[in-house]
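Accompanying notes for the structure given below.
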Amino acid sequence: MTSATTAPHTTQTLQFHPRVAESVATQRGEGWSIQAVQELLDLPFMELLWRAQATHRAHWPQGDIELATLLSVKTGGCPENCGYCPQSAEFDTGVKAEKLMSVQEVTQAAQAAKDAGATRFCMGAAWRAPKDRDIEKMSELITAVKDLGLQTCATLGMLQSHQALALKDAGLDYYNHNLDTAPEYYSDVVSTRQYQDRLDTLRHVRDAGINVCCGGIVGMGEAPVHRAGLIAQLANLNPYPESVPINSLVRVAGTPLANSEPVDPLDFVRVIAVARITMPKARVRLSAGRQQLGDAVQALCFLAGANSIFYGDKLLVTSNPDVEADTQLLAKLGLKGTPNQTTTETACGA
């Protein structure tokens, strides 16, 4: 009887691309260079996702998904010319200017959002820069929503320092003011304000003690280096934002960017992953454009470190996955919403 001959045992290991060092400057607290961010974006896709997921698990072990609802409380008629925005008065998009909603209308919408599972309620108004009387009216809305037990967020345009303080006194938890893109590409998107105007507003918000919500848009015709520049700008804010919404451009007929080339879905996932790596303690939010991504790409975004979504059938004036679709997606992925809380978060380290 002869014994069977077996092949010698061999061990196979996955070979990952050498890790990109977070740059000596970053380790010394000097911030992220555009080159260092670009090197992350250029990593092989699976290596990048592995690193982003490792970072995410280290800082967000509970693995929950924050559900935020965004309501346009004052729609249209904005004098700005942001090339992506259907609410600009300069573009013929079919969006009609409307007055500020009443306290009753807003609280009804906020209660419905809470009943559907949202924990944060965001209010957007299409102003370039609100007047003091607008801030007084918004303060009433903020207090009313806060009384429902929801976290509050507002995006109202450029703020002065005393206006930010008034919003803080009203109970505002977060203020959204996106950088949109890198400073080098900003003038290609909007010419009615300067990049520094956005940075100044963010400083007023931070000085008032309000948490910062700040991100950008992918797919506006920007080059890869501009995506790296945007992430570097966000990560180098001191401290970096508590919430970082990443939008995939929704191409709206009548806007200058309506014919922009759609962003490659995997490139969008890359931006999510690098946002997670460079801002590990931030809530990285899947924002506008989720509907065009599909379930599989959204799942990759969650794997890459996204842990917040805008939840509800509409985002300002553009469509969003309906609540039932999101509920089913999260259930399929085994993801759960964040427990409700109204306390503000501590600032993220730079």
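A Cβ is built for glycine as well, from the same backbone N, Cα and C atoms used for every other residue.
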### Summary
For the [2Fe-2S] cluster site that Swiss-Prot gives as Cys122, Cys153, Cys213, the extra residue out of Arg285, Arg290 is Arg285
### Message
Please list, in sequence order, every residue of the chain apart from Cys122, Cys153, Cys213, Arg285 whose Cβ lies within 8 Å of the Cβ centroid of the [2Fe-2S] cluster site.
### Response
Ala68, Leu70, Arg120, Thr155, Tyr174, Asn176, Ser243, Pro245, Phe310
### Message
Taking the Cα of Arg285 ([2Fe-2S] cluster binding site) as the centre, which of the binding-site residues listed as Cys78, Cys82, Cys85 lie within 10 Å of it?
### Response
none
### Query
For the binding-site residues Cys85, Cys122, which one has the sparsest Cβ surroundings, going by other Cβ atoms within 10 Å?
Cys85
### Query
Relative to the mean position of the Cβ atoms of Cys78, Cys82, Cys85, the recorded [4Fe-4S] cluster site, which additional same-chain residues have Cβ within 8 Å?
Glu80, Asn81, Tyr84, Pro86, Gln87, Ser88, Ala126, Val190
### Task
Counting Cβ neighbours within 10 Å across all chains shown, tell me which of the binding-site residues Cys78, Cys82, Cys153, Cys213 comes out on top.
Cys213
